[in-house]
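Pulled from Swiss-Prot, these are the features on record:
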BINDING   12, 16, 266, 310, 411, 415  ADP binding site
BINDING   12, 13, 14, 266, 310, 314, 411  ATP binding site
BINDING   12, 82, 83, 134, 244  sn-glycerol 3-phosphate binding site
BINDING   82, 83, 134, 244, 245  glycerol binding site
């Protein structure tokens, strides 16, 4: 009798496998980091083969730690860093180039050329997204144009494209020996190639971006049985696939219209459930697919994507050597009462929502001799909260409904200083659930629903519990004064790259 569901959570900096029981509790977790490759300023790559190796290692590790027998696992789900682009040879399984990561800005010129006819919102009515370096379509075009011989192979059906979900599921189900080449609607909605109404690849956009349809995966529901695993999970159904932010929405049980969550990881991503129709944004948000369970109707979302939040803490740790462990930032930040009047705008990959300015670059403004490392650490945490406020304001305008509380998850939600400042600068309560790693949980839920381990989404609501709630403690005058300073600081980053 199957008692558990497994999930592979492949993120920007690490891969983990988590095993959950029927109540959504974590039974075991194993996690490993992978190499970040920076060939040029603005370029970010990963080695797809390293990611596949790490995936196999963490599956083995989680099984070993849990003591769970393979026969006790009902299904395995996959969730992934979205938009990151892999192209590989069908016959050998060998990538033709490193994975181009979502943060990578090398496709700036491709996006600018595409925008010359119709502007940045040229494809938005069909795909819900602005032309930006963030999304997969231009990354595929770059690989086809810049890696010798690949375009010819693509046109002959000899190479395959996938985001990380597709790459992992293809390998997990056999790879060159019959691996399944699929993606789900949530990941496909981030390529800039899928029509939100038809839930199919859009031939007009494929023609404009010069992407052969033959290399694209089949688009499937987020909860469905795609194939059977090989290796450590031999014979287990691979049955759930969600982009990481949609998985977090699902794991937070935001199944009703108007429910929202914010995930704090490498970047920050706020998603609002808008129901069964795509809602166009007038305020710099993305219209995207939330999830699709089997043959049930598709659920759509508005999303505010912030490129750099946790990655700013990593930068202070790795590049400036401010501390040895990311968790230490809270201690330094708490050594001062405020940021000393400075703001850090971490536009390392340009600015995402609500600005969509790929030519912005990072800045620290307001520096004086008074400023110490502690002030910089505090300003780094505050930058995450300010960016979230900008997205929440946009979401309130688009939806016409003011959010009354924010569910949060991800690694940074254990930083109490950040969470309190977040509640202060939003003016609404911030709520952390008992299982904060909701991304993996969402993928597990999707896989479990596909095989009947859970019967329906309402069964999952009972698993959600509140761990902690932060209430606003800042007066409104201070809140607006600080936020006004942030808005001024952001303008200093615009148009930095010619």
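Every residue, even glycine, has its Cβ placed from backbone N, Cα and C.
Positions of Swiss-Prot features highlighted on the structure.
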| residue | record | contacts (Cβ under 8 Å, 6+ apart) |
| --- | --- | --- |
| 13 | ATP binding site | 33, 34, 36, 266, 314 |
| 14 | ATP binding site | 31, 32, 33, 34, 54 |
| 16 | ADP binding site | 8, 9, 29, 30, 31, 32, 58, 62, 440 |
| 82 | sn-glycerol 3-phosphate binding site | 102, 163, 186, 187, 190, 243, 244, 245 |
| 83 | sn-glycerol 3-phosphate binding site | 102, 134, 135, 136, 139, 163, 190, 191 |
| 310 | ADP binding site | 264, 265, 266, 267, 326, 384, 410, 411, 412 |
| 415 | ADP binding site | 327, 329, 330, 381 |
Residues satisfying Cβ distance under 8 Å from residue 12 (ADP binding site), sequence separation of at least 6: 81, 84, 101, 102, 103, 265, 266, 267, 311
For the ATP site built from 12, 13, 14, 266, 310, 314, 411, further residues of that chain with CB within 8 A of the site's CB center: 11, 265, 311
Least Cβ-crowded entry, counting other Cβ within 10 Å, from the binding-site residues listed as 134, 244, 266, 314, 411: 314
82, 83, 134, 244, 245 excluded, remaining Cβ within 8 Å of their centroid (glycerol): 81, 84, 102, 190, 243, 269, 305
Cα-Cα distance maximum in Å, computed over every pair in 12, 13, 14, 266, 310, 314, 411 that the record assigns to ATP: 13
DSSP three-state assignment for residue 415 (ADP binding site): coil
